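Here's the structure, in structure tokens; my notes come after.
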Amino acid sequence: MISPVLPTYNRAPMAFTHGKGAWLTAEDGRRYLDLGAGIAVNALGHAHPALVEALTEQAGKVWHVSNVYRIPEQEALAERLVEATFADTVFFTNSGTEAAELAVKMARKYWYEQGQPERVEILTFEGAFHGRSSAAIAAAGSEKMTKGFGPLLPGFRQLPWGDIAALKDAIGPQTAAVMLEPLQGEGGIRSLPDDALRAIRALCDEAGALLILDEVQCGMGRTGRLFAHEWAGIAPDIMMVAKGIGGGFPLGAVLATEKAASGMTAGTHGSTYGGNPLACAVGDAVTRIIADPGFLAEVNRKGALFAQGLESLVARHPTVLEAVRGQGLMLGLKCKVANTDLVKAGYEAGVLIVGAADNVVRLLPALNIEDADIAEALRRLDQAATALDA
Ligand SMILES: Cc1ncc(COP(=O)(O)O)c(C=O)c1O
């Protein structure tokens, strides 16, 4: 018999009653060190006092009004994001998928308004994950996500990951945009060298195509910069953000230049909940903390500390682990055993880690994880790997 909750997830049996920082407590009282952070969502850990305060204070004022009115909390967050990034303007969504939808619409509308309505193709890369809507699965293109859900939305073409020569061949006057994650998350913590990202930007400029970066998972300080593309010294035309920006409250955003957004005039897009006062009050508190250069310097220091410990973990367990991947606190362990076995052994050892494609487990802890918790995480991961050594 089907469960009351639609069974689209293979869920682990634990349920959690509360959390604090990088720790979650399960119904049976057992404490787990959370290295998944709700898949890169709880960027400031669980129950961060500034976020609890922002949410409860806003909850006592007004929860929802509709985007037919001005929303000062939304304006404040948009101004903060514009100030901190390449962007001139922001649209708020409830999720990364909705951000992907708007990014695609915005790029196509731009060309429509430029008098080139045939310019609709979006070039994407294999291993990508942009969400589960019809546009997002067509963009990613993998059989796992698209099988049985046809007919697929047309106008997307996937290229081998990071293949600049293939992009050079594919890009042209039919290309509306190139869309990619600077550091693939679901695809297995697969990074793109800074040179490759610069080459992609240059190819977009030559062809006149827009560059859409999906920073839903790798953005908001995860790699040690506010946004991952900053490492390469380039800027996109359109960027998708979600996950960490809400710190656990559903919030996403599309950031864009004035030029890229020029087709999105009144009536062309909307959302009932997107950018509501509760979400934006929390998002503003999150962004204020993460955009601080001192905070980001700490993410880099902690990321290096964690990665160093993981390298020695790999060296100690050569039959279980193969390599460390990633940047900042967006780290991955390429496994020799099935990654699902390591995730399960992690549960036994009291540490929450998350699988990804390419037989990788992801380590995406709260960005403000304590050094002592990193040490404890390494101890528990060692315990999990030892259990699989045999
Ligand atoms: C890079 C990327 N883009 C888009 C999404 C979709 O975001 P959401 O699940 O919030 O719709 C995800 C979610 O994992 C993601 O990692």
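Each Cβ is built from the backbone N, Cα and C atoms, and glycine gets one as well.
What TrEMBL says about a protein is an automatic prediction, not a curated fact.
Per TrEMBL, the feature pyridoxal 5'-phosphate binding site maps to G96, T97, F129, D214, E215, V216, Q217, T272. Marked as N(2)-acetyl-L-ornithine binding site by TrEMBL: R132, S271. Annotated N6-(pyridoxal phosphate)lysine per TrEMBL: K243, in sequence order.
What TrEMBL annotates, mapped onto the structure for a quick look.
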| residue | record | Cβ within 10 Å |
| --- | --- | --- |
| G96 | pyridoxal 5'-phosphate binding site | 25 |
| T97 | pyridoxal 5'-phosphate binding site | 19 |
| F129 | pyridoxal 5'-phosphate binding site | 23 |
| R132 | N(2)-acetyl-L-ornithine binding site | 15 |
| D214 | pyridoxal 5'-phosphate binding site | 31 |
| V216 | pyridoxal 5'-phosphate binding site | 28 |
| Q217 | pyridoxal 5'-phosphate binding site | 30 |
| K243 | N6-(pyridoxal phosphate)lysine | 28 |
| S271 | N(2)-acetyl-L-ornithine binding site | 16 |
| T272 | pyridoxal 5'-phosphate binding site | 9 |
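Checking the binding-site residues F129, D214, Q217, S271 against ligand 1, the ones whose Cβ sits under 6 Å from it are F129, D214, Q217.
Put simply, T97 (pyridoxal 5'-phosphate binding site) is 13 Å from S271 (N(2)-acetyl-L-ornithine binding site) when counted between their Cα atoms. A straight line from the CA of T272 (pyridoxal 5'-phosphate binding site) to the CA of R132 (N(2)-acetyl-L-ornithine binding site) spans 20 Å.
Taking Cβ-Cβ distances under 8 Å and a sequence separation of 6 or more, the neighbours of E215 (pyridoxal 5'-phosphate binding site) in its chain are E181, P182, F227, A228, H229, M239, M240, V241. R132 (N(2)-acetyl-L-ornithine binding site) sits 7 Å from T97 (pyridoxal 5'-phosphate binding site), taking the CA atoms of both as reference points. On the backbone, the CA of the residue listed as 'N6-(pyridoxal phosphate)lysine' and the CA of D214 (pyridoxal 5'-phosphate binding site) stand 11 Å apart. Largest Cα to Cα distance within the recorded pyridoxal 5'-phosphate binders G96, T97, F129, D214, E215, V216, Q217, T272: about 25 Å as a whole number.
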